[in-house]
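According to TrEMBL, the features are:
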ACT_SITE  His274  active site, proton acceptor
BINDING   Tyr39, Tyr145, Arg180, His274, Arg277  glyoxylate binding site
BINDING   Pro92, Val93, Gly94, Ser121, Gln143, Thr171, Lys250, Ser272, Gly328, Arg329  FMN binding site
DOMAIN    13-377  domain 'FMN hydroxy acid dehydrogenase'
Amino acid sequence: MTKEDLLLKNIQGNKPFPICFEDLEKAVAERLPAGPYGYIRSGAGGEQSLRNNRSAFAKYSIVPRFLTDVSEPDTSIELFGKTYPTPFLFAPVGMNQMVHELGELAVVRAAQRLGMPYIQSTVSSYSLEEVAETVPDHTKWFQLYWSTNEEIAYSMAARAESAGFEAIVLTVDTVMLGWREEDVRNQFSPLKLGLARGNYMNDPVFTASLKDDSLESYVEGILANIFHPTLNWENVRELKRRLHVPLLIKGILHPEDARLAIEAGVDGIIVSNHGGRQLDGVIGSLDALPAIVKAVDSRVPVLLDGGVYRGIDALKALALGANAVCIGRPFVYGLAYDGEDGVYQVMQNLYSEFKVSMGLSGQRTAAGLPAMTLIRE
Ligand SMILES: Cc1cc2nc3c(=O)[nH]c(=O)nc-3n(C[C@H](O)[C@H](O)[C@H](O)COP(=O)(O)O)c2cc1C
């Protein structure tokens, strides 16, 4: 073994691991069947939105400061009165059993080891109660998809609250399924395979609406409820009235929608284009961020996801006013590559690069990053 090999293993733990997103994506492409891989990797339509997320980061360059004593970096952030050691959260990603048998349970164990809040998807393979039992003391938020039968949405939100989830994240950009060419090409529909059943199987309101407990009935029931084109601000207000924990809205791209969300009583905003999976031809999340930060004017936290594949991406997002970032595809690839340890390694690498980059740009605290100089080309 060469000296270089040893050094790599020291940095990354005991096993060699693809160091960057591109290497990891390539490695996972070789391990997963075309259906699941295409489902995770692809964006809607011609994938302009997916590309926009990445190219938005490349438009910004950091102008570093030096001689600032960066010996004791403080990467912590505060959200809803709690302090977290890093500005990274796990974005809600459905149906994790598509790539690993332990699915969300493996992911949330890694999240706990890292001290990063975990957002569980409505369409997870394991139920929110199973996740809560796995990591009862770790911070978990629940991502809610509205339901055609709104009583199902209220029921899931109430279950999440009683299982100890500390916030509800309502995703508003999925009122119908995006035009996903890769999945059509591969004839792949994980919803139809029943991989999204975790939270539906034991929901009393949902199960009462089924004609029997066959897989077909579950799938039919989920498909009948999961897309909900009637969603509107009154639904948001009513949900807010029923909740005892903070409500965030995920999928906001227009500053006017951010203003309306605050008017509707929302406690936080996640700027996101759903990883380019819904509407094609959409503004990249980072490009949408500054106007939303301005409109929100520090009244509620603003989080961002979409294309955060490197530590410096997180640095740029925080410099532009995001309070934290959510990671999606990178952790899913980590899960596919090496289960819980793979998730841990990916997120640890992102965090390590973030911390180094904070120091190298002369910044001592994550909270102070908005004062950093960025130029936009
Ligand atoms: C495979 C996959 C499944 C997803 N499932 C959900 C979901 O169930 N609910 C949701 O709100 N967002 C979902 N998202 C979107 C993510 O929360 C996040 O917005 C997106 O992954 C960010 O883009 P990035 O992964 O390229 O950074 C999913 C994304 C992927 C890649």
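Each Cβ is built from the backbone N, Cα and C atoms, and glycine gets one as well.
Mean model confidence of the domain 'FMN hydroxy acid dehydrogenase' (13-377) amounts to 97 (pLDDT, 0 to 100 scale). Fewest other C-beta atoms within 10 angstroms, among the binding-site residues Tyr39, Tyr145, are seen around Tyr39.
The shortest Cα-Cα distance between Gly328 (FMN binding site) and any of the recorded positions Tyr39, Arg180, His274, Arg277 is the one to His274.
Note on the residue listed as 'active site, proton acceptor': other Cβ atoms within 10 Å of its Cβ, all shown chains, come to 25. The Cβ of Gln143 (FMN binding site) lies under 8 Å from the Cβ of Pro92, Ile119, Gln120, Ser121, Thr122, Ile168, Val169, Leu170, Thr171, Lys250, each of these being in the same chain and 6 or more residues away along the sequence. Looking at Arg180, Lys250, Arg277, the binding-site residues in this record, the fewest other C-beta atoms within 10 angstroms of the C-beta turn up around Arg180. Gly94 (FMN binding site) sits 16 Å from Arg180 (glyoxylate binding site), taking the CA atoms of both as reference points.
The binding-site residues examined here are Pro92, Gly94, Gly328; by Cβ neighbour count within 10 Å, the least packed of them is Gly328.
Residues Pro92, Val93, Gly94, Ser121, Gln143, Thr171, Lys250, Ser272, Gly328, Arg329 are recorded as binding FMN; their most distant pair of Cα atoms lies 17 Å apart. Taking CA atoms as the reference points, Arg180 (glyoxylate binding site) and the residue listed as 'active site, proton acceptor' are 13 Å apart.
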